[in-house]
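Below is one structure, written out as structure tokens; the observations come after it.
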Amino acid sequence: MEKAQLNYIDDSVIAWLETLDDIIPSLIKEMVTSTKQNRFDLVTNVDKSIQQKFEQFLAQHFPEHQLFAEEKSNVDINARQGHVWIMDPIDGTTNLVKQQEDYCIILGYFVDGEPVLSYIYDYPHRKLYKAIKGYGAYVNGEPILEPEPIDLQEAIISFNSLVINDETIHDLQDGSFGYRCIGSCGLDSIRVIKGQFGAHINTNPKPWDIAAQFLFSSELGLKMTTLDNTALDFAKAGPFIISNPACHEAVLAILNSGKGYKK
Ligand code: NAP
Ligand code: CA
Ligand code: CA
């Protein structure tokens, strides 16, 4: 895709993301929470409205672009063909409901299966992270540098402790410097992207949880793989790690040496 066209799409999407600053406060004021599969699986009017508004934005400005997103069925979409946006309208819904902090909007733009633009908008802290294929990664317009190597013994690592067996959790804690988990796949990944965490693991993400991370990883020299250290399929997702290159193999060695993990 030509740079001018990419810039035009980038400017348009950034302008759309900026409109959220005016919209989200009133959505939160009237927040209505419902459950999906179980009492911990939450969705709110904030998630649904943001997704709807982005769908309207695409229909108006880029009618040939398709939306593959969490709060819709996606049955008739081939994510590998044409212009496709993958969206998690709110990643960290539990944090939104319980804390009104540590949630984000995830957007990944794929052209014929290749990631070309990615955004993670940390709305509560007004930090917009973006990556452009071939042009690096930025936060609020300032370049993000490739993280320094972090060996596992110096690294903070992040995962959901409900899905890793106790023995493996202890081995990961013994092998690393420490454990933290923000509770938003996008924002836990951002910590790796900024060189703060060594790695983040999610054993069961969907395409929208990890759509943006591909491009940040390739632009910044990070590792993003399955937990078997193979290539990840963006259209299917599944068990994943995003990692500083210096501790990627060491984390996977521990993760795969014990009783493993649950999905
Ligand atoms: P949470 O606060 O609900 O979610 C933390 C992060 O994980 C968010 O990015 C969330 O995305 C995502 N997520 C939510 N449900 C998930 C699932 N079933 N599998 C993978 N990622 C998921 O997390 P929690 O309160 O600790 O746990 C809620 C449930 O989700 C539990 O059943 C837990 O086992 C499961 N979970 C599993 C993993 C995993 O690595 N397999 C990770 C997190 C949570 P949204 O905010 O967009 O939903
Ligand atoms: Ca999510
Ligand atoms: Ca979500």
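Glycine is treated like the rest: Cβ placed from N, Cα and C.
The Mg(2+) 1 binding site annotation in TrEMBL covers Glu70, Asp88, Asp91, Asp209. The Cβ of Asp88 (Mg(2+) 1 binding site) lies under 8 Å from the Cβ of Ala69, Glu70, Ile105, Ile106, Gly186, Trp208, Asp209, Ala211, each on the same chain and at least six residues away in sequence.
The Mg(2+) 2 binding site annotation in TrEMBL covers Ile90. Long-range Cβ proximity for Ile90 (Mg(2+) 2 binding site), meaning a same-chain Cβ under 8 A and a gap of 6 or more residues, is found for Thr44, Val46, Asp47, Ile50, Leu96, Tyr103, Cys104, Ile105. Mapped onto three states, the DSSP output places Ile90 (Mg(2+) 2 binding site) in strand.
Counting only residues at least six positions away in the same chain, the Cβ atoms of Tyr103, Cys104, Ile105, Ile106, Ser184, Cys185, Gly186, Leu187, Trp208, Asp209 sit under 8 Å from the Cβ of Asp91 (Mg(2+) 1 binding site). Glu70 (Mg(2+) 1 binding site) falls outside any helix or strand according to DSSP and counts as coil. Contact annotation for binding-site residues (Glu70, Asp88, Ile90, Asp91, Asp209) versus ligand 3: Glu70, Asp88, Ile90, Asp91, each with CB under 6 Å from a ligand atom.
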